[in-house]
Amino acid sequence: MQPSRNFDDLKFSSIHRRILLWGSGGPFLDGYVLVMIGVALEQLTPALKLDADWIGLLGAGTLAGLFVGTSLFGYISDKVGRRKMFLIDIIAIGVISVATMFVSSPVELLVMRVLIGIVIGADYPIATSMITEFSSTRQRAFSISFIAAMWYVGATCADLVGYWLYDVEGGWRWMLGSAAIPCLLILIGRFELPESPRWLLRKGRVKECEEMMIKLFGEPVAFDEEQPQQTRFRDLFNRRHFPFVLFVAAIWTCQVIPMFAIYTFGPQIVGLLGLGVGKNAALGNVVISLFFMLGCIPPMLWLNTAGRRPLLIGSFAMMTLALAVLGLIPDMGIWLVVMAFAVYAFFSGGPGNLQWLYPNELFPTDIRASAVGVIMSLSRIGTIVSTWALPIFINNYGISNTMLMGAGISLFGLLISVAFAPETRGMSLAQTSNMTIRGQRMG
């Protein structure tokens, strides 16, 4: 039976919705787990006798785990398939979360944080590749933007659960173990999901892919063909692909480091709302997360109307302006601080969404998950450095100069975007993965 429709012509169906919902469970858990440790520290610090060094190690341990997980398991997913790893890593997150409830020393907690960082990091390249490869050209931007928003949903849920458990004796154990509940729900949802059709095709399992398409959509479905050559992990570092690795890692870093800087205004904003102390600080964090989550929503629509390149350039320009205002007017009133913070948070959604969308579009199926993993690992270097260096910089140079530094980094992101950001709107994965950094197509 000859295919009557192309995959990109299929309507958004129940299988697309299920893959999007359960696939975005990984970013949800990342936001949940990373934020929950901050809420739990109020009880953890006296319970395990943590000092400042241990608190710093716990944060660094999770980031180090993410670094390992993203870089290693993206490669493994490209080799063994999306679905198998899709299930294994979510089981591991749940098991480690439960095990964390029984730690009795800082060393044990550190080991658990490194391990959970590894398995959460593993899910990112797997899930984003799965969702991308199951999305049509029209759906792709919305789907990847949804992933970015789910991080903030997870962070918000963590603050709400932490608020609820704040007064419970030994509540920190339940806080850290509570991630097992969404893990179970996500595992149940993922269990019935199929393998990525594009991955099957690239592995020569054509008949299996055809049978799966008939089962899911009731008819054979055609795919735009990617270039037939075999792509290997080391090809990420060749002349064609490595410029894209550096480009996406750069815009990711230029978005993340200033975001950490502007978060220093968080206490002022939540203090204005009377939510800055003790238990209420968890509710204050919800406000901050909502600022950034709202910024992820407009790009879901604009990426397919305005396009990738204009949205990235415009967003970095507005983010630079907001940071510059905060740096150049040090004694501005609190409501102007809130306004500048809101402008930054709103426009950060553009780069925030594109740092997930671009690597999934610009690399072929054979190395897509590997590319996401390597790029995310490189971006984590910036995260680790900013986490360590930002408090020192603020202490030595003040908040105004810190904001100007952030504006400079954001400006660098703007210049890189003007020079190199490609436009992939309306193009199939076969077309986008065949581009060069100059916008030309190979073959």
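Cβ atoms here come from the backbone N, Cα and C positions, even for glycine.
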Could you confirm whether, in Swiss-Prot, the topological domain containing MET212 has the same name as the one containing GLU108, so that both are on the same side of the membrane? no
Are there three or more C-beta pairs under 8 angstroms joining the transmembrane segment (242-262) and the transmembrane segment (174-194), sequence spacing 6 or more? no
Segment proximity, the transmembrane segment (146-166) to the transmembrane segment (283-303), 3 or more C-beta pairs under 8 Å: yes
Proximity verdict for the transmembrane segment (310-329) and the transmembrane segment (146-166), three or more C-beta pairs under 8 Å: no
Could you tell me whether the transmembrane segment (374-394) and the transmembrane segment (242-262) are in contact, taking contact to mean 3+ Cβ pairs under 8 Å with a sequence separation of 6 or more? yes
Treating G and I as helix alongside H, and B as strand alongside E, what does DSSP give for the topological domain 'Periplasmic' (395-401) in helix, strand and coil? 7 helix, 0 strand, 0 coil
